[in-house]
Amino acid sequence: MKKNIALLSIVFLALLYINYRNLNIGFLSNYSIDEYAFHGSLLNMYDGLMTFDIKKLFSFSFYSYGFSFFFLNLLAASPFIASGNTEMAIYIPRVITALFAVGSAWYIYKIARMYIDEYSSILISFILFTMPGFWKNAMWFHPDWMMTFFSVLAIYFLAKDNWNFKKYFWWSSVSFGISIATKIQAITFLPVVFIFIFYDNITHRYLKDIFFKIKLLFKYIGISIALFVLTNPYLIHPTGFKAFISSFIVNMKSNATNHGLNVKVSISSKIYNAIDVYYLNYILFYFLILLSLSLVIFLFNREKKKSMFPILGCYFCINIVYLFLMVNKDWQHYYLSIFTIAPLLLISLLLKFDKYKYVYLATIISLQIISHISNYKFELSTGFHQKRALSLVKQKEISNILLKELSGQTSNKTNILISSYQPFDYKKLGLSYENINVLYEPIDLSMINLDAFLEKSVTKDSTNFKKMDLVILSKQDIYFDDQKIKSGKYSKSLEIIENFNKNGDLGYEKFADNKYFYIWKKVK
């Protein structure tokens, strides 16, 4: 155990060092647009906490992720938000992410230790560290590692319970509840619970104790739902519940349309872009699929004793099928939880071929390292938007052009609407996060016109509207690419830009046109 603690300590210290960079708020959106947006959520929640404004405290916008996730990070970052130390307010949530990542590896080791010797268990958990995705997802402020940690913890408690349906079983329901309260994606863990409870009924194909087990299932789910609601209390209010449902629907549409791009992502693209690059060499992945399927077949063998591994095999297969067929994205972090648990499947093989276990593990680890050797440096040194990745020199060049154009044109009350992913060190102009409004979707009339805003708004609260004094669009935006801008959803955006250029009734005129940007200024 001491050896594993030493290993995990080294990994955690490495993550502390790696994460202490890209902390300039002006350049953060180019590194990770999600982190930039989440930082804004923390600022809004902090303001609500300090002013006892409950509505503002719960207005964190990203309702597919849990309030508890944001509130935990808010509590940790609050001293730095209060003191104006923006860099540390960005850094601390990454530290929390790293803790959950290392904690997940610890419980993978603990689960393995129930079945195999210490050295083999260390090697099983070490497989996680050979995955670039382990490191990549521990380098940003995001809920995936927190969700994964509590999913792994739920499995640990089920393994400890060993079908006694006593305290560890109920602790598992608590962990599962926190997991889905962190990120709704964790609902895909539910098959594990179902198969665990009805294991005998599935294996022997009988109805013995069926009502007792149905009752257990409902209690387990009931506890998890209760925790989900308790840690997301805004759901009790009709407006909060409506916001959650709206966010859930938007997320489902995003999954179906590849985040609005309307491009079909093939299974081969998902295997290469998400799995082979970030998690397992494709040969190991195919091997793991076969191993999982064999474990699923094991589940229906009446002669075999109960085991957690067929359940994990089912979990792995069900989630892979879901992500391949139902989610039209190749986003690597969607695969984090299943590939964190994946090394546990190998234990079933080690138990069968105990004599060669170190050979198998050494071969897998070697293949992982060799096949990902070129990925480690790249993934650890680039941001989360690789197609938009810019060197620090380039980021400073772009930012300096904006600073020069806007010098003397802004005050602390100036509101700017700007394209996403743009490096802009706006603090040098005396501006704050609240002055900068990033375009996360196509430019829309509701962003610049009060009447259009009120028509679209659910609350119809005019105080939430900001008059945009400056609109800054990157020349790399899709609006200015004749080859790409074919989707009808951009037609209204193009009309707005045309109105700007003609000094139309929206009240904007072109203020600057440089190498990187078009800038319009509100004049009436």
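Placement of Cβ uses the backbone N, Cα and C atoms for every residue, glycine included.
Remember, TrEMBL labels are computer predictions, not curated facts.
So that you can see what the record holds, here are the features copied from TrEMBL:
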{"type": "DOMAIN", "residues": "84-217", "note": "domain 'Glycosyltransferase RgtA/B/C/D-like'"}
{"type": "TRANSMEM", "residues": "62-82", "note": "transmembrane segment"}
{"type": "TRANSMEM", "residues": "89-109", "note": "transmembrane segment"}
{"type": "TRANSMEM", "residues": "115-135", "note": "transmembrane segment"}
{"type": "TRANSMEM", "residues": "171-197", "note": "transmembrane segment"}
{"type": "TRANSMEM", "residues": "217-236", "note": "transmembrane segment"}
{"type": "TRANSMEM", "residues": "279-300", "note": "transmembrane segment"}
{"type": "TRANSMEM", "residues": "307-327", "note": "transmembrane segment"}
{"type": "TRANSMEM", "residues": "333-351", "note": "transmembrane segment"}
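When Cβ-Cβ distances under 8 Å to the transmembrane segment (307-327) are tallied for each of 115-135, 279-300, 333-351, the top count falls to 279-300.
Here the transmembrane segment (115-135) has Cβ contacts under 8 Å with residues 1, 3-4, 7, 11, 15, 18, 101, 104-106, 108-109, 277-280, 332-333, 335-336, 339-340, 343-344, 346-347, 350-351, 357-358, 361-362, 364-365, 368-369, 372, 375-376, 379-380 of the same chain, all six or more residues outside its ends. Secondary structure of the domain 'Glycosyltransferase RgtA/B/C/D-like' (84-217) per DSSP (helix as H, G, I; strand as E, B; remaining residues coil): 107 helix, 1 strand, 26 coil.
Remote same-chain residues near the transmembrane segment (89-109) are listed as 4, 8, 11-12, 15-16, 19-20, 23, 25, 28, 35, 38-39, 42, 72-73, 76-77, 80-81, 121-122, 124-125, 128-129, 134, 137-142, 145-146, 148-149, 152-153, 155-156, 340-341, 343-344 (criterion: CB distance under 8 Å, separation of at least six residues from the stretch ends). Model confidence over the domain 'Glycosyltransferase RgtA/B/C/D-like' (84-217) is summarised by a mean pLDDT of 96.
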